[in-house]
């Protein structure tokens, strides 16, 4: 797409080249630099992908992941199931299977397959990862099903429960078809998380090549099929590159992995015959070398690469963080929240409140815990992280002290709490507001009085409402030209035929997923939901499901637009539950659990659609057939959803007394905090209803007005002051409001450290060391996340074995921050 036809915001939010080298091929001009340096610019469609090995390994990695992620939602702390661990372990396991499985053809009736069709390839690794990413997760319905059983003594039968769990997932997958024409094929939508996974895959392939040279073994790469080196015809891949002609302009170390093949251009007749179909289908594509970046980092980046392979960088970073995390998570918790002000005045209550990151404002508070920093500092654009930090400062460093030490806020109780309170500041007995039939107890409400929220919780809700509306309005006003162009293109051509960049041209050899597949999936899903509703286990009026589906169809494209550019995912759960409360507030009978089930349908319409298209983009970068990705995701859900249900039944059977409050877990792990949150929202939005909530907090509805007006104001200022150094088009109100809607009462540490880290990586290195940033940024992000999750797994086992961290200066039981006066 010509730059003139893109929206201003798209040009400025996507990470693009500072200067496009003159020698760059026309089909590379539209690809952002980070995509050119990370994605595979070559392909071999003959590589085996959907093999027996794939189905076996996918099931092996899905089952424990689905169990762990479901169980984790009922625990206070837990060890996450890392998709990067799956990607690494599956690759090693696949190579082992390729070495040891017999090369035997197995027949089942008229169907047959080979147990071991050839060397393991990174394409198989990618497909296993996609299947696991789909199935080795929790399910939004598990908390709703648990809540209705724990609090309202209604057990949903297994068939109905699994039906709900599957239907809400596949509704989300089917809704991906709505946003797909806009965000899936346009090269300017980079999908940072998909790039990160691709970077890890590249490092794995590089490690394979290094190992083969050392051991004389082989594996299938993008240039290899069935153990034979192949070269695709020039009209598929390239013309002779500078690497073969002896020319090297300084950037060959970056492009070499994308253009180098097993041997030079000569191919035997068998190769050419076997690839004749590809020759006819794929248009002319070739590669030229690019100029080196005109900055002082060229030599540094080349020297760095000469000393360290990408695989070596990955494992060093992962191992280093795995070891480091033992300090903040176990032995030296002080490093998780370095409260400088508390060191100066450890017994001053006001100073402690200002400086503490664990129950205070977090001013001048630093964190060395990756759990508080996260890979977002490497994935998010710098402008987005600046806006997020501004939102944090406004909420935690401005509004909190105003609420605490001035008379602006009348209700002073529960400032740093998200619980419900009485007028005297006591915990509100919400369970007494519900009768045995689930109806509202007006007598109890009259006795205890209105429900009160802490000040921070109230403005969190206000900005939550603003963020939701702003997410739609911002995309419309700033991205209207791009949206209109994308939808117009989708009517003229389909899929990768709409764009002429290298990646789209290479992927034309594969059949896209037909829209009819998504339509059939949607019809089957709503049929299942209808059957469950008819059986009486959906707990909502049927017409509210229609509303939920309608809302999901409206928000999926604007929210996907933002996520594909920035990796920013807008939480929408609170709005969905509020919407349900508004819909049913005048109903004579309504089940409190209805909000949770309504939220499952409306929420998954966005979350699973985003998940589906992100995996599709990962497959796009690695040249997987889209229909195989579609199959892999369905396979992952078919394996994972029953495991989700079995895990739920195990938790309810073995931890029932902890979940109901009849007993207290001595380790304080089985607290079911998310379950309690679902119940609180059920009371707040369904039992009490929005009318009573807004009666006590009349300013809350104006959050919707702010979300509507703010993007329009910013757009007007941007049009009026286009050359403003403030870059007004980057001050995304959705990101700002979402940051201000975050509850900082429990943890306000890490945000200052994240801003510093972002300034180093996403500002300094991106601008002044661009080649180094492009090559290693996503790789390091994947490595650090892998090391973190591995460390959590090890520490989880250590805690399970009964080991306890020693008490010393760095682990003071009174306060790990040494904020001893903090109340």
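Each Cβ is built from the backbone N, Cα and C atoms, and glycine gets one as well.
Here the structure is a predicted model, which means the values were calculated and not measured.
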Per TrEMBL record, range annotated transmembrane segment [choices 680-698, 699-717]: 699-717
50-68, 107-125, 126-144 - the one TrEMBL records as transmembrane segment: 50-68
Which listed span TrEMBL calls transmembrane segment, if the choices are 405-423, 424-442, 443-461, 462-480: 462-480
Contact between the transmembrane segment (462-480) and the transmembrane segment (542-564) (at least 3 Cβ pairs under 8 Å, separation 6+): yes
CB contact flag for the transmembrane segment (313-343) and the transmembrane segment (778-803), at least three pairs under 8 A: yes
Highest-contact recorded stretch vs the transmembrane segment (156-178), from 50-68, 542-564, 751-766, 778-803, CB pairs under 8 Å: 542-564
